[in-house]
Ligand code: ADP
Ligand code: MG
């Protein structure tokens, strides 16, 4: 069954109706509680704006960080409420609790077009409970906040793409209780992911990097039969290099994954491309001593922190004629300037391909952060995904509970 969209809900008319929106407002904060990257807040605005402008009584629920199932001022959504007010151009009130007396009183007091943000949903342990009844009880309380005074049910809009792979009360259970719709963010992400897993335009190149090979093995397995090339860099390339019998010094290595990598190389050796040179450092630091070496010549005691220029050239050549590109995971420790060239070079090659008409998608929080940190144009890519884990699970071929539930 098709998923109902925000425009379906708007067409029904929402004036005066309570609408619960699950957004992903999980932004990074510095030690002083300042938001360091408002990307997810900005991405949540279109859905909230459309609902508020249409006169809905909007109740937003979201999480921040990993509080331990009880209120913790360190994880209050207060800074998020302020930033969201600014981005929305209208005041967003923050409830003092999740579904308690303050939330209830504020929800009852909403007038058309008002926006109320509930406190961090993970202050309530039932949100992430494995017990179906506990989650359902919280979902019922959430649904109660958008119920009309005459008992008419509110509506639920799922817009937190970053959490749709979680079977949680505010993501999954609440959709079983209320008429449900995909927000613009979720709808866009699903469309993009469908394009990456169905017959997109070829050649189709997948670029994988980042720290852990274990995070991405299932994606390699699932996309190896769909993509024409899978380019591997970042910390994860060393387990593949080691699987080929190469000595990788003190580079990141997941020994328990060696067999799997060997197996993948045997099966998909003609699709998988590994770096041919590596920037090796004497320690993990911005000012480490570095040398560029062949990928099979990493000296003992040195660690590979970026792919080398020859690898960038080869990867860029593969990417230059691609028509579909999915990139997840930086090619090196881009946070240090000395190890940012690989990520930058590959990103520029993807931007180049996009300029020639390729459909390109960036997934993963750190990859998206790298684009911004390296000063690359965000609109140089067709789509920058907001949900790392969710998009990876989709690309692994898994069912996402928060999407599945919208289809019924
Ligand atoms: P994403 O969030 O885009 O999915 P990951 O979380 O998988 O990416 O990985 C990002 C991290 O990988 C970055 O912090 C980066 O510094 C690190 N990384 C990349 N290359 C290496 C390397 N060669 N050694 C150690 N860490 C690396
Ligand atoms: Mg990450």
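Cβ atoms here come from the backbone N, Cα and C positions, even for glycine.
Remember, TrEMBL labels are computer predictions, not curated facts.
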Identity of the substrate-site residue among 17, 90, 106, 166 (reference: 24, 25, 26, 40, 63, 64, 65, 66, 122, source: TrEMBL): 166
Same-chain residues at least 6 apart in sequence whose Cβ lies under 8 Å from residue 365 (ATP binding site): 388
Integer Cα-Cα distance in angstrom, residue 40 ((2R)-3-phosphoglycerate binding site) to residue 24 (substrate binding site): 6
Rounded distance in angstrom between the Cα atoms of residue 24 (substrate binding site) and residue 216 (ATP binding site): 23
Listed binding-site residues adjacent to ligand 1, that is, members of 24, 26, 40, 65, 166, 365 whose C-beta is under 6 A away: 365
Listed in sequence order, residues not in 40, 122, 166 with Cβ within 8 Å of the centre of the (2R)-3-phosphoglycerate site Cβ atoms: 24, 26, 62, 63, 64, 121, 160, 162, 163, 168
Sparsest-packed of the listed binding-site residues (24, 335, 366) - C-beta count within 10 angstroms: 335
